[in-house]
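Right, one structure below, let's go through it.
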Amino acid sequence: MTGPQQGKILLRLENVSREFITGEQTVRVLNNINLTLHSGEMVAIVGTSGSGKSTLMNILGCLDKPSAGEYWVAGRIPQYLGSDALAELRREHFGFIFQRYHLLNDLSARENVEIPAIYAGIDREERRKRAVNLLSRIGLAERLDYRPSQLSGGQQQRVSIARALMNGGDVILADEPTGALDTHSGNEVLNILKDLHQQGHTVVIVTHDMSIAEHAQRIIELKDGEIIADRPRDHAQEKPKMVDIPSVIDIPSMDEKISTGAQQETEIARKPLLTRWKVQYDRLHEAFKMAILAMAAQRLRTALTMLGIIIGIASVVSVVALGKGSQQQVLANINAMGTSTLEIFPGKDFGDMRSAAIHTLRDTDADVLAQQGYIHSVTPTVSTSVTLRYGNKSVSGTVNGVGEQYFLVRGYTIAQGMAFTRTSVNDLMQDAVIDENTRDKLFPNGETPLGKVILLGSLPCRVIGVAAKKQSGFGSDENLNVWIPYTTAMKRMLGQSYLKSITVRVNDDIDLANAEQGVIKLLSQRHGTQDFFVMNTDSIRQTIQATTSTMTLLVSMIAVISLIVGGIGVMNIMLVSVTERTKEIGVRMAVGARASDIMQQFLIEAVLVCLLGGSLGVALSLGIGLLFSLFSSNFSMVYSAASIITAFVCSSLIGVIFGFFPAKRAAEMDPIRALERE
C-alpha cells in the first residue's frame, strides 16, 4: 500500500489560547496557537514538561475548550457545542491512547475495547466481533478475556489502541504512548501507529522525546505555550531501528471517508443499528453489568451500605404485617361476639350506677324486635354466677339464660348433642347446654355429659348439648359457661321478670347504623324514654381498625427513619464511589459517553444496591414472620403483596432519590479534570 496523500483540512486552530485560574493568579498555558491538521497526516507535538503540549492535545480531542480563539473539527466549532455534542464528536471522530493506558480494571481486554461502541449504540454481537478482530490483529487473540492486571504494559497499550479504533478513530491522539513501556514494546506501539497512518488515519503523537517525534511526517515544537517550530521530518536523518510487525488494521483511507465533504460512518457504524428501545436496553444491560462488577469489587462496603436498607425495609414490612395480623385477630374476636349484632343494655352507658335499678328491658321487647323486617334473630340474656355440681365434682361457673336463637346470633357451634328449642323456652324446661370447659371439669374421664343431670346452684338441669370452645379477645375462653332457657333462669333461678341485655342480629343486607337507629326509636317508644343504650359491634370494629391503622402508621414512620438513614448511607457511599472512580468517569467521557450515560451508570448502581437490600429486607421480614408463627399459635403476621411491592418501590425510590446527587455530580465532571485526577 502506498503512503497516504495529504487530505482536506480536518482540524484547525486560530489564535487559540488557554488560561487557568490558580488562586488569584491567571496562568496562560497556550498563547495564540495557529495550527492546521489535514486528514491522513502523522504529526508529532513535542515539548518539555510545562510547554502546553498536553493541553493542546486535550483541546484537539474536545476534552477541553480554548479560553480564546476558535477551533474547528471538520467544519464544526466545539466550544459552541453542548456536552452531548462534544461526546458525539469524541465518540465518532477521535480515539485516545493514554500514557497510563486508562483501562478499566474490572473489565477484560475485549470488554475494554467494546466501551466506545456501547455508547455508539452498536449491536452487542457486532461490537464483540469487532473487538475480537481488532485484538487479534494486534497480537492479543489469546488474551481476549484477560484483565488489565494480567497483561504487560505493552499489551495494555495495545488494548488502548484497539479501543481507540473501535468506532473508526478518524483521529488518533496518542499522549506519550511509549512513556511507560520498555524499548521493545515502545517500538511495537510506534509501528502500529505508523501502520494506522498508512491506513489513512490522522495520527497525533504528543511526546517530550524528539526520537519518538522523528517517526512522524511533521513535527510541531512547543515552548511556553507557543509554537516555535512546525516542520516536516528530516528524511535524511536515520530512522530509529524498528521491530518489524505486519499491518494490523484494514480501514478505508480518510480521503475516501470525507470525499463528499461530510464525515461518513465507519465500517461498524454502517451496520444496521438497533431500534431505539433496544439500544437503550443494551446500554442498561451494560450499566447493570458494570454496577454488579462495582458492587462485587467492594463486597464489604456494599454489604454495609445495604444494611440500613435491609433493616429499614424489614422493619416496614414487619410492622405492616404485625398491624394486619393484630387487626385481623381483633376483628376475629369481635366476630366472636357475633357478626352484625347490636347489644342492648339498661342505663345510659357502661358504668352507669343507676343501671342496676332499671328493670325496663323485658322479654316482650325481644319479641317485638324479632318481628321487625330488618332483624335476623333476637336473644334475651340474663346471667348469674353459681356453683356447678355433678357427683362429687363442684366448680364455680356462669349460668346464662338465653333464647333459642342465642347460638345462631353468637355464632356458636354445637359440638355434641343439640341446642334447646322454642318449646324449651316456652315450657320453662330445665335443659342445659354446657361449654367444653365445663364438660372437662365435671366429666374429666371422657364420660359423655349428654343426658346427665347437673346442679346449677340448687336447680337440677339435664345436659342436652356441648358448645365448642370459641376464642374471644373480650374475656377469657377459660370461663365455665352453662346456657339454659332465659325463662327457666328468670322464673326458677333468679325470680325476676326483667332482662340483663338483649342481643339483636341484623340482616346482612341492612346497614347496621340504620338498624341501630330503628331499634332505639322502637324501644324508646315502648319505654316512653331512652333508658337503655346500644353497643354497635361495627362501631367497635371501625374504631379498632382506625386505631390499629394509626398505630401501624406511627410505627411505620419510625421504621421509615431507618430507610432514610439507609438512603443517606447509600448517598455517602455513592459519593465515595464517584470520587474513587473519577478516572473511570474521565475514560468513559473520553471515549464518547454522554452525561446521561454517566448519570445512568451511577443511578443504576444506587438503585441496584437498594433493590438488593430491599429484597434481603423482605426475606428477613418473612423469616421473622416464620419464627413468630413458631412461638405464637393464636396470632400470626399477615403479609400482603401490596406491602411487599411497596417495599420494592420504596427501595427503588430511595436509590433514585439518594443516588441522584452522586450520579449528577459524576455526570457534570469535566472529562480532562477527571482523567488528570490521581
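A Cβ is built for glycine as well, from the same backbone N, Cα and C atoms used for every other residue.
What you see is a predicted model, and the numbers here were worked out from it, not measured in a lab.
Lifted from Swiss-Prot, the feature list:
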BINDING   GLY47, THR48, SER49, GLY50, SER51, GLY52, LYS53, SER54  ATP binding site
DOMAIN    11-249  domain 'ABC transporter'
TRANSMEM  303-323  transmembrane segment
TRANSMEM  558-578  transmembrane segment
TRANSMEM  608-628  transmembrane segment
TRANSMEM  641-661  transmembrane segment
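Counted over every protein chain shown, other Cβ atoms within 10 Å are most numerous around GLY47 among the binding-site residues GLY47, GLY50. Annotated ATP site GLY47, THR48, SER49, GLY50, SER51, GLY52, LYS53, SER54; additional same-chain residues within 8 Å of its Cβ mean position, judged by their own Cβ, are HIS208, LEU222, LYS223.
Beyond its flanks by at least six residues, the transmembrane segment (558-578) meets 294, 298, 301, 304-313, 315-316, 319, 585, 602, 605-606, 609-610, 613, 650, 654-655, 657-659, 661-663, 665-666 of its own chain at Cβ-Cβ distances under 8 Å. Counting every protein chain shown, the Cβ of GLY52 (ATP binding site) has 22 other Cβ atoms within 10 Å.
Counting only same-chain residues 6+ beyond the ends of the transmembrane segment (303-323), those with a CB under 8 A from a CB of the stretch are 548-549, 551-552, 555-556, 558-560, 562-570, 573, 609-610, 612-614, 616-618, 620-621, 624-625, 637-640, 643-644, 647, 650-651, 654. For the domain 'ABC transporter' (11-249), the mean pLDDT of the prediction comes to 85.
In this structure, SER49 is the one among the binding-site residues SER49, SER51, SER54 with the smallest number of other Cβ atoms inside 10 Å of its Cβ. Same-chain residues at least 6 positions away in sequence with a Cβ under 8 Å from that of THR48 (ATP binding site) are, in sequence order, HIS208, LYS223. LYS53 (ATP binding site) counts 26 other C-beta atoms within 10 Å of its own C-beta, drawing on all protein chains shown.
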